[in-house]
Amino acid sequence: MMQTFLEDAENSLNHRTTAQNGSQSSNDSDYDDDDPFLYDQFLHDPDWAKANREEVVAKVLVDPGPFRYNKRVFVTSLPAALLVLALGGETLVLMAAVGTALLAFMSQLGDSRRCVITFVIIFIPSHTYILASVVPLLWLSGWHSLLIALVNLFVILTAGWVLLQFKAFRMEEPTIASVIEQMLFTIYPLVCTGLVCWALGAVISTSVIPVIFSCIWFVLLQLYLVPTLSSFKTQLKPDDNLDVVQVPIVVATVVVFVLLGPLLYIFLSFFAADAPGFTTLFFVHLLFLFSLSLFLSTLLSISQIFEYLGLPTRTSINVRWISGIICTSLSYPVLHAYGLDSHFLPLLPVAIGIFAALGVVLAFKKKKVAMGVLALVLALSLIALFILWIQRMPHNLQQYFLGIFPLNTFYFLMCANFLLCLLCLWMASINAKELLGVLIILQAFVLTICEISLHNSNFYSATKIQLTAITASYTLHRLQVSDKITRQVAIIATGIHTAKSLASATSVVLDGDSRTITMLEMSALMFMTYSLVSVFLYGTVGEKSGMEVLKQLLMLLASLAINSHQLLLPVSMMLFQGSTSFTNVIGLWCMIGGGLVLLYSQAISSIYSLQILKVALALGVMGICVMILHPQLAFSFHSVFQWSEILSLFSLAAILSLQVKLTPNLLVIAAIVFSVCPGMRASLYLWSHLSVWYTSLCVVDTCALLILVFVCVFISEMTEASDKIMKFSIVAAMSCSLGLLLLDICLLMPTFWYLMEMPAWKAILVTCLIISITLKVVMTTKGPDRLPTSSVEERKLSLPLIANIITLAAFLVACSQGPSDPVLHDLWCCTFTTILGCLHQDHIFLPRLTGDKQATPTIMASLGILIISTICRSRLWSWSSFLIIAGGMVEVILVFLILPVFYVAWGILWRGHILSEPAVVFLTPYSILLILLATTYSTWILAVSCLVAGMWMMMYKLPMVPYNSDSVDHYR
């Protein structure tokens with residue numbers, strides 16, 4: 001009986017072990033759930049068992065839908081994004097352009113998951129480069145740590161916004177998508193406002209920064225604090241709130257908005273050099289700023305806050321009036337302290353009070369006769385106040401504004417602007433929509449002429465122009481939302497004010513102290529702002545026809561080209577640290593135009609969205625080529641060659657993007673034509689001159705690679721002919737690369753110390769990389785059946801086998817071409833192990849290489865490089881002293897001790913078997929000792945890798961069942 005008992009126990013445990021090792025399927029088992037000898041009946045399920053069971057259950061992934069608020073996030077991020085790009089310079093601009101073009105290209109392939117992976121791969125070095133560009137500012141001041149924090153937050157949140165555009169991310173991580181959306185509505189406006197104010201602090205007084213900070217943040221909060229339906233939340237219960245920002249967060253945001261401006265002013269008063277200190281003026285400024293923040297907070301959509309707090313809505317009106325009166329009363333001393341002196345400044349509080357009273361009277365609909373008389377009295381009071389101010393102005397000066405208007409004519413324009421403001425106020429009260437629109441456009445035009453006249457005469461600062469432009473644009477947006485004016489009126493008037501703002505900003509960059517704005521410049525910028533505002537800000541919703549799409553695209557690109565001098569040249573000077581050229585302007589036009597077209601493809605609903613995306617990709621590629629090559633604008637062979645390169649690359653990108661159908665003959669002709677410029681460029685880059693033999697081999701090599709790429713892109717099914725063409729292209733490309741190496745050996749051997757320093761090795765490396773990546777892309781995007789494996793009986797090389805041989809060759813050549821520094825060489829080799837991800841399943845070397853094992857060669861190769869590097873560069877080989885040799889010997893022994901951990905990891909990743917659980921449990925702790933004794937970066941990385949691998953296997957892969965003293969457990 002005892003023997004039977006032991007046999008049953010052994011069978012039960014054997015079943016459990018073999019099932020974990022993958023040697024027996026769970027479907028084939030016939031065990032009873034009530035078997036008392038299963039450990040799961042007595043122990044809690046380990047995490048690895050729970051994870052395995054969860055993987056069995058198919059997870060239904062549903063896309064909650066696209067992110068619906070890209071426009072407002074883009075408007076918020078644009079100024080801060082330009083500042084970050086300016087900090088990074090040309091390199092960051094190129095990285096962003098290349099990444100955007102690559103993502104646009106991959107999105108056409110339809111695999112959103114790989115787009116996410118590609119974006120993460122691009123984001124990590126870009127983020128690192130941005131931080132590396134900002135961190136040196138700490139040498140100037142420790143307060144720049146705040147700038148680093150703001151830049152870091154901005155980059156991370158912008159990356160989260162980009163991730164929301166990918167369907168795979170929204171499906172896989174709906175909770176994270178919802179959190180990112182909430183952070184974009186709450187933290188992102190604050191971060192962008194902080195970056196803009198930090199930049200403004202370099203050109204204006206720091207005492208004004210808190211006021212500007214509160215005003216900019218108020219405008220942005222108008223976009224985000226309104227009740228907005230979330231793009232990703234689902235209603236699980238009837239009472240679930242689906243708003244992006246919940247009411248408690250709205251309350252907290254408003255409280256922070258009210259308090260942060262005054263706190264920022266107190267902080268700056270402690271540390272800023274030009275702050276007034278703790279004087280009476282300080283407390284006046286503080287009270288003004290607090291009342292201004294409180295007044296602006298009452299203009300937000302905060303009715304939900306009072307409902308949440310149980311307060312009557314009348315409270316907000318009372319707070320608005322009290323804070324408004326305090327703010328108005330203190331406006332004169334505060335603005336005078338800010339240096340905004342004028343003849344009208346003492347009358348400003350009175351004018352604000354009369355205008356406020358006039359607005360209340362006009363809004364009062366009862367007792368129209370009495371209110372009309374009162375409104376007329378208030379309007380006449382304003383006119384009298386204006387006449388009083390005009391009389392105090394000088395009238396005998398010989399001053400011509402814009403070279404046209406004498407002083408009295410200019411005063412007439414100012415009077416006309418004042419009367420137009422009163423008429424607009426009156427028309428708005430009687431709902432005369434059409435007449436109000438005409439008056440608003442006329443008033444915007446007259447006000448702009450007055451401001452430009454004063455600006456060119458150095459009577460009006462660019463800061464005031466920016467302030468009036470932002471205020472007017474915000475007011476026009478509110479009028480259009482409330483249906484007081486039409487869409488077309490809002491577009492024209494906003495275009496005028498935005499053009500004025502851009503003109504003043506660019507004039508500072510271009511003209512410096514003179515800062516003149518011409519009417520021609522204003523007209524060009526007005527055309528561009530009209531195009532942008534009409535397409536993006538006030539664009540119509542619905543399906544667009546092909547002709548309408550074409551008109552809007554041409555309008556965007558043409559307006560950008562017209563403003564090459566007014567806009568692109570200052571942007572080029574800002575991004576490239578003062579150095580600029582027409583080549584940079586052309587490259588910026590292509591990249592910015594491609595970005596606008598890309599945004600347009602995402603903003604409209606049309607059947608032509610995919611074609612628009614391809615146009616954006618082609619423009620982006622051309623811009624990248626121009627920025628990298630920097631072609632000359634001269635009548636020379638080199639200039640013609642450079643522009644031919646750009647045009648050929650642009651045409652190649654267009655053909656690949658549009659997937660033009662080509663016959664075999666046209667395909668070969670296109671490959672020959674497009675291979676000339678890259679082949680000559682490779683010869684110039686590697687050998688610094690154009691030799692007949694080198695150039696011919698480079699051109700043929702490039703032609704063979706292009707034929708391979710064309711066949712892989714345009715192939716619909718693998719046939720005998722396509723298989724032969726691909727193999728012929730591979731053989732031709734590799735033969736040309738080897739021919740270049742033989743030429744180097746014959747011609748350049750005496751001038752080089754080592755064989756691996758030959759320039760031809762770089763050509764071999766690039767050729768192998770292109771072949772490996774191209775064949776991997778074919779298999780990934782079009783299915784494994786596009787590269788069929790040949791059976792052993794056929795006795796011929798299959799494409800996967802050829803690809804594997806070339807991939808291994810690329811890896812070995814890359815390792816030989818690394819930098820001379822030992823640490824950098826190890827990192828170089830570990831980085832190039834990623835090329836092993838291009839390996840395929842074949843019938844000879846890698847028959848087990850399935851999808852879930854694709855990363856195993858890369859991991860094992862990286863570990864092998866670290867092990868070899870640790871042994872070769874340990875202290876064992878430095879014969880300086882006995883203690884150092886002993887330390888090196890201990891280091892090498894520890895490396896050999898942790899090797900079984902990697903061996904077990906290889907068994908789990910490659911074979912799906914647990915080779916030895918005790919080896920992982922007992923040898924992993926030695927990695928901690930290796931960390932303490934390590935003397936090289938490679939050893940530290942190896943030890944940390946062992947520790948991570950061991951912890952991962954113990955937590956998720958190994959059974960980790962405690963031992964018993966019973967003899968039946970000996971086999972475990």
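In case you wondered, yes, glycine gets a Cβ from its N, Cα and C as well.
The transmembrane segment annotation in TrEMBL covers 244-268, 318-338, 344-364, 410-428, 522-541, 553-576, 582-600, 612-634, 665-687, 693-716, 728-754, 855-872 (among others).
Beyond its flanks by at least six residues, the transmembrane segment (244-268) meets 181-182, 185-186, 206-207, 209-211, 213-214, 217-218, 221, 224-225, 228-231, 233, 275, 285-286, 289-290, 292-294, 296-297, 300, 302, 304-305, 308-309 of its own chain at Cβ-Cβ distances under 8 Å. Against the transmembrane segment (318-338), the recorded stretches 344-364, 522-541, 665-687, 855-872 differ in Cβ pairs under 8 Å, and the greatest number is found for 344-364. For the transmembrane segment (522-541), the residues of the chain that approach it from at least six positions outside its boundaries are 71, 74-75, 448, 452, 477, 480, 487, 490-492, 494-496, 498-500, 502-503, 552, 555-556, 559-560, 562-563, 566-567, 596, 599-600, 603-605, judged by C-beta separation under 8 angstroms. Tertiary proximity for the transmembrane segment (665-687) is limited to same-chain residues at least six positions away from its ends with a CB under 8 Å from its CB atoms, namely 641, 644-645, 648-649, 651-652, 655, 694-695, 698-703, 705-707, 710-711, 714, 759-760, 762-763, 766. By number of Cβ pairs under 8 Å, the transmembrane segment (553-576) is matched best by 582-600 from the list 582-600, 612-634, 855-872.
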